[in-house]
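Listed in TrEMBL for this protein:
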{"type": "REPEAT", "residues": "10-55", "note": "repeat 'WD'"}
{"type": "REPEAT", "residues": "56-97", "note": "repeat 'WD'"}
{"type": "REPEAT", "residues": "154-195", "note": "repeat 'WD'"}
{"type": "REPEAT", "residues": "196-240", "note": "repeat 'WD'"}
{"type": "REPEAT", "residues": "241-282", "note": "repeat 'WD'"}
{"type": "REPEAT", "residues": "283-323", "note": "repeat 'WD'"}
Amino acid sequence: MKLAPLNTVGNAHDDSVWTAAWVPATDESPPLLLTGSLDETVRLWNPDGPQKLQTNTGHCLGVVSVAAHPSGRIAASASIDSFIRVFDVSTNNTIATLEAPPSEVWQLQFNPQGTTLAAAGGGSASVKLWDTAQWQLTATLSVPRLEGLKPSEKTGSKKFVLSVAWSPDGRQIACGSMDGTISIFDVTRAKFLHHLEGHNMPVRSLVYSSAPLDARVLFSASDDGHIHVYDTEGKTLISSLSGHSGWVLSVDVSPDGMAIATGSSDRTVRLWDLKMRAATQILTGHTDQVWSVAFGPSLKTDVRSCLLASVSDDKSLSIYKYS
């Protein structure tokens, strides 16, 4: 397996690029890429080129997360302005504006069925769920404190929820907090199940395995420099991958489930072979920290290949071919 760098857009935004997400193909459109930036905009790209298709305004502070609906027709962006904007991908028309109290919307993710949008709830120490039919808040999944800790201002603030991921069947949600804990919820019962421990610094990115036999496997990226592989059902740490010399800011899994990519404050993108449990490639194209890495869908021309995007504080967007 390898990543072949294809193209880089130098000034993809006017400021740091914090987030990237692929929009699935539709009958009218190939897979596209969304990026969000400190410059308060969301941009839509055709990865061929890459060619900028449109710039979406509407936030009045930096954009911390973008997410696309599985239909490929709608998407959402979250900003430090504490608004989530839901919009039509092709026209950029606003479909809904969801408001949260200050610092209570961070990472966004639609469930695989497309019926629910989850948002990491930041200072609310929860995950918030909106239904995509009426855009009503349907549930708030609160992260409980670890047993034995006396409630204090300190432990409360450390439960700040930064990251969120859906299991492939849409029945579970994982969220990562500032204190390094990961919480697992049963979504159908809106019930907290358990914590996964092992990180001791913020968990900024989570993704469940895409391999059919590994649907309970969760990958986490943390400021402690490690990527953890958990069995979410057995509550066990399967392995810990290290090699980055800085915070690990983002992790994503390849469509074939054989590899993960990570982005770090050490300015590198790394490709990890999950069988070998080791980094097989280190890409040094970015000149500042890499905030987000995202694998695209399998290529029509070659189902064993796909594209990977990375975005950085250096304002650039890079596209690679994974095969």
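Even glycines carry a Cβ here, placed using N, Cα and C.
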Same-chain residue ranges lying at least 6 outside the repeat 'WD' (56-97) that approach it to Cβ under 8 Å: 15-16, 18-26, 28-29, 31-32, 34-44, 103-110, 112-114, 117, 119, 130, 132, 135
Residues of the parent chain within Cβ reach of the repeat 'WD' (196-240), under 8 Å, 6 or more residues beyond its termini: 107, 162-169, 172, 174-184, 246-258, 260, 262, 272, 274, 277
Distal contacts, the repeat 'WD' (283-323) - CB-CB under 8 A, six or more residues away: 1-22, 24-25, 31, 33, 35, 37, 45, 47, 50, 246-247, 249-256, 259, 261-271
The repeat 'WD' (241-282) - residue tally per DSSP class, helix then strand then coil: 0 helix, 24 strand, 18 coil
Residue distribution over DSSP helix, strand and coil in the repeat 'WD' (154-195): 5 helix, 22 strand, 15 coil
Helix, strand and coil residues within the repeat 'WD' (196-240) as assigned by DSSP: 3 helix, 24 strand, 18 coil
